[in-house]
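The structure under discussion appears below in the form of structure tokens.
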Amino acid sequence: MIRILACLQDGHDLRLVILAGATALIGSVVSARLFRMVPRERGRRGAWFVVQSAVVGGATIWTTHFVAMLGFDPGVPHGYDPGLTLLSLGIAMTGVLLGQLMIRVADGSRLAEAGGAVMGGAIVAMHFVGMASLQMAAEMRWDLDLVAASAAAGPLLGALAANRVARPRTRLCWCTGAGLFMLAICVAHFTAMGALTVVSTGEAPPAGVELIPDSLLAAMVVCVTALILLVGATSFMIDEAGRREHGERMTHAALHDALTGLPNRANLRRSLARLLRSASALEAGIAVVVVDLDRFKPINDVHGHDAGDHLLARLADRASARLEPGEILGRAGADEFIALKVGAARTEAVDFARRLHQAMTGEVEWPDARLSVGASVGVALAPEHGRDVEALLVRADLAMHRAKAAPDEPVMVYDARMDEASRGRSALTMELKAALANRELELFFQPQNDNETRRIVGFEALLRWRHPVRGLVGPDEFVPLAESTGLIGEIGDWALQEACRIAAGWPAAISIAVNVAPRQLARPDFAETVMDALLVTGLDAGRLELEITEASLIADHERARRVIGALKRAGVRVAMDDYGTGYASLATLKAFPFDKIKIDRSFIQNLPDDRQGAAIVRSTLILGEALEIPVLAEGVETEAQLAFLRRAGCASSQGWLFGRPADRAATEAMIRAQAEADARLSAAG
């Protein structure tokens, strides 16, 4: 260490020593920063950054060495061999390139540290080749201990530098790596210089070789240093531009829908908030339009999500092409769009909404299909309907739902009465949540009869809500509410267990049919829930019939198949409800092992005069016979309908002709009456 310090003090110009250290630091930082940018780039661009980093790293080693050599005074005339001087530069750059390539492909292995050691070795090799280029009338003698220390210091510090760059623990580990690389250059160089003793021989430098004097060497060093600074400045500008571009991409992605490229909900809310802060925009009027697609889910279910995505993208393109200045369209959710228009009184707002409705309805081509959708549109106006983003969006949404409920008028403008209806719906939801706990729900039962004997063969359990104020509420009013709020799962489980409990006390020949909501069937544990209900109530599995609509099956075919398979293995019967109203009833019959087909009432109500209805009923009965699946007709209300069904070969019916839905007491009175009639008939026989 003393010899090294003595060499620095006595044999060097300290100003150039400091300049050499500064050169090493700047070059190391630039090289490390360039190499740090490599993982963000791919292909040729990434390879180019590796080459730049290697060029800067090698030039830094070379420049540091020769800046320090310019400050070294051997005490005799001297010069530098051009070939060896340039060879030393090539060694430095090649060694750094090889080491950085090893670090890049290390992928967490110790190859990274090996790459750093290669770079450290390049520092040492460059130094001694550079020293070999020094030609003078003197002999160079080396202290082998310090030569060995120099040769060890370069690879060791290079490996540590690579470790910090390749295995960062913080964002600034690359700075530590740059500092260690600078140390590798300086320690290797000045330790080796401390090992050197120059002994004058009095001889002239070798003749015939044009040596590089210090003045020319200084010019070369300046040029290479300028190269380092130029590449460094360029890398900083490239990095900053990349950061800016990345930030812009991230901002765009955060505020736009990836599928359609339209502004997303967050972006639309910001735009609306900005417009509401503008006095001129408020004075001109702002229309907030919510568009919700109709029949979108069945398209996704039947044709797949790729078809749904294609449909959304095409509709977005159509609608965007019809926008005028001052109009904005965005996608707010799966099948919901929001549009804004500045300068819109009521008439202009409705015209805008109708234009969007026209663009978002109709057919879109898809391989082997034409995808057809409708749209429901709601409009809210600022400042007439509010000056708050949330209030306007909620009110436009309310108007959209009102339009969805009134298909003859697909565009609706908000009015205050919609709020009253919404509050009423919210209040009813709260009351429905309490109804189960308060035992306000009960089951009514409608008989299912044999068409030939007119005997009761089963009952369908139907939900009723005995509201403390409104009286008896039918399922058409509260079941859709339960489905939309998620309460149908809990209510459905209660209805299943209650139906099983009541039916367990009936004669064994009478079955019980229970409707299953799509949300229930979608639960992985639904089969276990049914088994638990049978176990708790003691009802025989063969007497339970679960009625499932096609909509329940379309949502997830495979899960439905597994659940129905488990139910069938347990002995539970499964009926296809509302047959004929689905999207692919024949395919569904083929795919699932049904025990009964229930023809929807819409095909029965006008029999026997409805020729189309009669044809559908006959074809269903033929299909049922071919598949060995019995058929039940729903909604039978007249003797003429029953007579037609008998002639057509339909085995059983359900409808007002045999009895309206009745409470438990009336139902069990019907069962007793049939049992008593059977007893009298048996006694008479």
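Using N, Cα and C of the backbone, Cβ positions are placed for all residues, glycine too.
Note that this is a predicted model, so its numbers are computed, not measured.
Per TrEMBL, domain 'MHYT' is recorded for 12-199. Per TrEMBL, domain 'GGDEF' is recorded for 284-416. Residues or ranges marked as domain 'EAL' in TrEMBL: 425-675. The feature transmembrane segment is assigned by TrEMBL to 16-35, 47-72, 84-103, 115-134, 146-165, 172-196, 216-238.
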CB contact flag for the transmembrane segment (172-196) and the transmembrane segment (47-72), at least three pairs under 8 A: yes
Within the predicted model, mean pLDDT of the domain 'GGDEF' (284-416): 85
Closest-packing stretch to the transmembrane segment (115-134), where packing means Cβ pairs under 8 Å, from 16-35, 47-72, 146-165, 216-238: 146-165
Sequence-remote partners of the transmembrane segment (146-165) [C-beta within less than 8 Å, at least six residues beyond its ends]: 3-4, 32, 35-36, 99, 103, 112-124, 127, 173-174, 176-178, 180-181, 183-184, 187-189, 191-192, 194-195
Structural state census, the domain 'GGDEF' (284-416) (DSSP three-state): 58 helix, 43 strand, 32 coil
